[in-house]
């Protein structure tokens, strides 16, 4: 405690509150839909949040807020810790019901460390713009969890567990989680947007893509589903997928049409993934993805990174005006061309995947 000094940054506090609510309620309630593990999974997600925030404040403190032998703590470091916690909660979704609380804590211990390392490489060393965490939060969290899930695979155990896991869906929890996602995702995406100038862009783009992905779910559901009714969990997944796509591109000049198109595509990817990809993952790759994080976070996160790359290549001072130095500071200073920036955004994808998969191997 005597090494921690509080650093006031009042303007970030509303954003911090929203991000915190999002991590606990949005992700916590997300994990309740398994009939057998419903209430237990909420308890585990709260345990993970409690541990991850403390560990993330320390690790990120050493990387970003370390000065004269002290770690400076403020709203900014708490927002950073919450982003880290969100990534770890995504990872736990892949192994839910097959790992006990102690294993979950070990996963958190390693996940937070690797997340912070990945974020430091991407944002500080490579100068990548990823304010809403398409790569750092969604892609990293999903593939880290999936790799651990692959290594934990036990054929006889997985069959038995699977039969137990399919139970009465906790639709009430899912509905509450979906509503929280709708209210707080735009804040989550724009919490680390630089200054007030780019924040409205990130918020608006998130709302547009949320709306479009929900529409996509309603369009696809009757086509692909034998059931007549649409389940809330599916809407919730589509909403999350669109937010993952908007993570990197949110503060860039997507235009409303671009945000709607990206969100619609994310909704389609999430839905098609559940229908066609999850069975392949389970049968061919022996990876049981309990909560479908590959379709909801992994694939949309990769799509978001590609969209961010495209927008970085198209960035010009005329289009962005004074906002260019907020979104792409290195391009605005002239030390990098828009094409170089786009290449950096693209290279960040394999770096993240490599760290997540190798870390997942180690953790598993």
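Every residue number used here counts from 1 along the chain in the order it is shown.
Glycine is treated like the rest: Cβ placed from N, Cα and C.
Those TrEMBL annotations? Automatic predictions, nothing curated.
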44-67, 212-235 - the one TrEMBL records as transmembrane segment:
44-67
Stated TrEMBL location of transmembrane segment, expressed as one of 241-259, 260-278:
260-278
Which residues of the same chain, at least 6 past either end of the transmembrane segment (342-362), have a Cβ under 8 Å from a Cβ in it?
110-111, 114, 117-118, 121-122, 126-130, 135-136, 139-148, 150-151, 248, 302, 305-306, 308-310, 312-313, 336
For the transmembrane segment (260-278), give me same-chain residues lying six or more residues beyond its boundaries with a C-beta closer than 8 angstroms to one of its C-beta atoms, as numbers and ranges.
208-217, 220-221, 224, 234, 237-238, 240-242, 244-246, 249, 254, 289, 292, 294-296, 299-300, 303-304, 307
At a Cβ cut-off of 8 Å, and with pairs 6 or more apart in sequence only, do we get at least 3 pairs between the transmembrane segment (135-152) and the transmembrane segment (104-123), yes or no?
yes
Counting only residues 6+ away from its ends, which parts of the chain sit with a Cβ under 8 Å from the transmembrane segment (172-194)?
12, 14-16, 18-19, 21-22, 25-26, 28-30, 32-33, 38, 42, 79-80, 83, 86, 131-132, 200-207, 210, 231-233, 235-236, 239-240, 243, 246-247, 250-251, 326-327
